[in-house]
Amino acid sequence: MSIVVENSTVLSALTEKFAEVFGDTKEVEYFFSPGRINLIGEHTDYNGGYVFPASITIGTTGLARLREDKKVKLYSENFPKLGVIEFDLDEVEKKDGELWSNYVKGMIVMLKGAGYEIDKGFELLIKGEIPTASGLSSSASLELLVGVVLDDLFNLNVPRLELVQLGQKTENDYIGVNSGILDQFAIGFGEVKKAILLDCNTLKYEMVPVELRDYDIVIMNTNKPRALTESKYNERFAETREALKRMQTRLDIQSLGELSNEEFDANTDLIGDETLIKRARHAVYENNRTKIAQKAFVAGNLTKFGELLNASHASLKDDYEVTGLELDTLAETAQKQAGVLGARMTGAGFGGCAIALVAHDNVSAFEKAVGQVYEEVVGYPASFYVAQIGSGSTKLDVE
């Protein structure tokens, strides 16, 4: 899969930078990997539930070419002070202080471990447009970028699902975050103006046209610093696993995603701990909420869809406790504005971004009003972007 890139100015600048860093631009190939938003279905992916994400046009661009030796040379426009990071193909152990290059190493390790031959070094220059710690999946975007780069340079012909799974494996086993498959799947399988209803239990999925009529999806960035590995993400993972384990003493289930709300409520005595009950209740209710939301979305009932966004945020705040002052201020202020059908945090939480479904004609006033309240409450400004739904990770045709 390849697309003709639209932003030639960005590529021209990156091409010049590649020549400056690596000497020339002979045989350079161009790649792009998006970020993602999750419309609804939060913290359900690692609980065997449904998610409803879409890839966005903000992402990570890469320029790459093969070398004849085994040296890997990396440069990021986002971290110029790090300069060129260099390592040998046979020395791919994770290193502290080399945060972004660890994702490259991880993908090399996972692809080689899956039996794919990567026998030469390469040069890779990247530029990420996704704000770090925004909850728009800058790490998964980079993993899938590296995946499509290596797939192309070495003619590996890796099936897209396997590439997505190796991206998740990099996150879980190499980086050390117990994430589900939502981010990598959305980024690997994304299509222009389509969202993905994904059953994370079976990996069956449905592409759903995004028909918003007179509404826009506005991304609201808290600009709060956050690192997923330092957050309570892994703690929530462990809590829902423990709740599942306790419910399995009587129920024949493999994941919380198999339960209806009624089945869950009838068996909370098995869990016996109020915190664990709250965590599991969010996973179950959010999963069922996501299925209802997708049906409303397809039917064009954006009002109902918006109400479910609001309910999702409330559950993430009260039961899963992953929001905090910044996300609550954005989402709850957004919900009160004219022309807004719904708003919720998106991503892992603990900072990052929220999204709102806003009438197109109200967007400017919305951003001003929410931005003003946020800065008054939090003490620094939020950032706002209107989301554009774009393609998944791909090689670019540069003419």
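Glycine is treated like the rest: Cβ placed from N, Cα and C.
Note that this is a predicted model, so its numbers are computed, not measured.
Residues or ranges marked as active site, proton acceptor by Swiss-Prot: ASP183. According to DSSP, ASP183 (active site, proton acceptor) sits within a helical segment. Around ASP183 (active site, proton acceptor), the same-chain residues at least 6 positions away in sequence with a Cβ under 8 Å from its Cβ are ARG36, PRO53, SER137, SER139, ALA140, GLN168, GLU171.
Per Swiss-Prot, substrate binding site is recorded for GLU42, HIS43, THR44, ASP45, TYR233. Spatially close to HIS43 (substrate binding site) yet at least six residues away along the chain are ARG236, THR240, HIS282, ALA283, GLU286, LEU316, TYR320, VAL322, ALA348, GLY349, judged by Cβ distances under 8 angstroms.
If you look up Swiss-Prot, you'll see SER76, ALA133, SER134, GLY135, LEU136, SER137, SER138, SER139 marked as ATP binding site. In the three-state DSSP scheme, SER138 (ATP binding site) falls into the helix class. The Cβ of SER138 (ATP binding site) lies under 8 Å from the Cβ of GLY35, THR60, GLY128, ILE130, PRO131, THR132, each of these being in the same chain and 6 or more residues away along the sequence.
Here Swiss-Prot flags SER139, GLU171 as Mg(2+) binding site, drawing on sequence analysis.
Per Swiss-Prot, the feature site 'Transition state stabilizer' maps to ARG36; the stated evidence is a curator's inference.
Per-site Cβ counts within 10 Å over the binding-site residues GLU42, GLU171 peak at GLU42.
Mapped onto three states, the DSSP output places SER76 (ATP binding site) in strand. Cβ-based neighbour count (10 Å, all protein chains) for SER134 (ATP binding site) stands at 23. In this structure, the binding-site residues THR44, SER76 were compared by how many other Cβ atoms lie within 10 Å of their Cβ, and the smallest count belongs to SER76. DSSP assigns ALA133 (ATP binding site) to coil, not to a helix or a strand. Comparing the binding-site residues SER137, SER139 on other C-beta atoms within 10 angstroms of each C-beta gives the minimum for SER139. Shown in sequence order, GLY41, TYR46, ASN47, VAL51, GLY180, LEU182, ARG236, ALA283, GLU286, ALA348 are the same-chain residues outside GLU42, HIS43, THR44, ASP45, TYR233 whose Cβ sits within 8 Å of the Cβ centre of the substrate site.
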